[in-house]
Amino acid sequence: MTLGSLANGSSISSTFLLSGIPGLEHMHIWISIPLCFIYLASILGNCTIVFIIKTEPSLHEPMYLFLSMLALTDLGLSLCTLPTVLGIFLIGVRDISQDACFAQLFFIHCLSFLESSVLLSMAFDRFVAICRPLHYASILTNTVIGRIGLASLGRSVALIFPLPFMLKRFPYCGSLVLSHSYCLHQEVMKLACADIKDNSIYGMFVIVSTVGIDSLLILFSYALILRTVLSIASKAERLKALNTCVSHICAVLLFYTPMIGLSIIHRFGKQAPHLVQVIMGFVYLLFPPLMNPIIYSVKTKQIRDRVTHVFCD
């Protein structure tokens with residue numbers, strides 16, 4: 001390999017190497033067992049939520065329609081990472097082509113930011129239900145909900161669409177080993193034998209314009225909700241209103257905490273142990289799809305009753 005080939009932008013390798021858990025390679029086959037259960041539970045749980053909401057007319061309300069969007073997004077995230085994660089831990093396949101890697105990171109980031117938009121939409125739903133209850137049905141019509149869903153999807157696709165093409169123009173050299181069992185933009189760009197300043201700036205812009213804005217708007221929504229709830233005279237009514245928000249608050253914390261933590265580690269935590277990055281990466285992509293159906297099934301009576309009816313009858 002010559003300097004001339006680098007100058008001409010020639011790609012040195014057409015594949016990347018994914019990683020499992022460093023130092024525990026001999027345990028990968030055993031680690032694959034709980035991972036299989038997590039994926040199975042995630043897929044089954046989210047499919048169940050979608051099926052129940054679709055087949056039960058009484059659940060065709062804004063809150064549950066947004067919940068079905070969340071379940072579909074979580075289902076997509078699980079399916080995006082399943083092939084490479086189980087490929088590594090079950091059969092030890094670490095190679096992934098550049099095109100497959102770029103496609104995977106596109107769907108992972110697109111669905112992640114779509115989930116952020118859906119969580120914001122659900123916060124808006126709670127705000128209208130608690131702060132504007134008399135106008136709830138007229139504000140959140142099926143048409144409005146559909147437009148919110150399409151706008152959320154359009155924003156995610158438009159922002160993430162340039163990333164694979166921005167990465168594809170780079171040559172890659174050296175040790176093309178990724179830290180995770182799947183591809184992420186912030187990881188792949190660091191392997192480029194070129195100036196990645198533009199990618200880094202654009203990546204930060206995408207995070208700020210999605211996760212940053214969405215999280216601030218969610219906080220603002222809950223500030224207004226809390227102000228309204230505190231103005232309610234009856235303690236029982238205050239608790240009832242707040243109880244309708246518990247599931248959504250858990251979903252928000254479960255999504256944003258590991259996502260922001262992983263982003264900070266990749267960009268600023270160069271001294272952080274590699275194992276911390278790997279574990280945070282698994283928490284970020286595996287736990288929200290696993291836990292969201294459980295949280296909503298436990299905390300939402302209508303969903304809980306329908307789940308019990310489906311599996312017990």
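Each Cβ is built from the backbone N, Cα and C atoms, and glycine gets one as well.
Curation does not apply to TrEMBL; its annotations are automatic.
According to TrEMBL, the domain 'G-protein coupled receptors family 1 profile' annotation covers 45-296. When averaged over the domain 'G-protein coupled receptors family 1 profile' (45-296), pLDDT in the model lands at 90.
Sequence-distant contacts of the transmembrane segment (29-53), counting only residues of its own chain at least 6 positions beyond either end whose CB sits under 8 Å from a CB of the stretch, comprise 20-21, 59-60, 64-65, 67-68, 71-72, 74-75, 78-79, 82, 85-86, 89-90, 286, 289-290, 292-294, 296-297, 303, 306-307, 310. The feature transmembrane segment is assigned by TrEMBL to 29-53 (among others).
Taken from TrEMBL, the feature transmembrane segment applies to 65-91 (among others).
Packing against the transmembrane segment (103-124) from elsewhere in the chain are residues 63, 66-67, 69-70, 73-74, 76-77, 80-81, 84, 96, 148-149, 151-153, 155-157, 159-161, 163-164, 167, 182-185, 188, 206, 210-211, 214-215, 217-218, 221-222, 248, 251-252, 255-256, 259, 285, 288: each is 6 or more residues past its ends and has a CB under 8 Å from a CB in it. The transmembrane segment annotation in TrEMBL covers 103-124 (among others).
Per TrEMBL, the feature transmembrane segment maps to 144-167 (among others).
What TrEMBL records for 201-225 (among others) is transmembrane segment. Counting only same-chain residues 6+ beyond the ends of the transmembrane segment (201-225), those with a CB under 8 A from a CB of the stretch are 109, 113, 116-117, 119-120, 123-124, 126-127, 130-131, 155-156, 159-160, 162-163, 166, 185-186, 189, 241, 245, 249, 252, 256, 259-260, 263, 267.
The feature transmembrane segment is assigned by TrEMBL to 246-269 (among others). With a threshold of 8 Å between CB atoms, the same-chain residues lying at least 6 positions outside the transmembrane segment (246-269) that come near it are 70, 112, 115-116, 119, 122-123, 126, 184, 186-187, 204, 207, 211, 215, 218, 222, 276-277, 280-281, 283-284, 287-288, 291-292, 295-296, 299-300.
The transmembrane segment annotation in TrEMBL covers 275-296 (among others).
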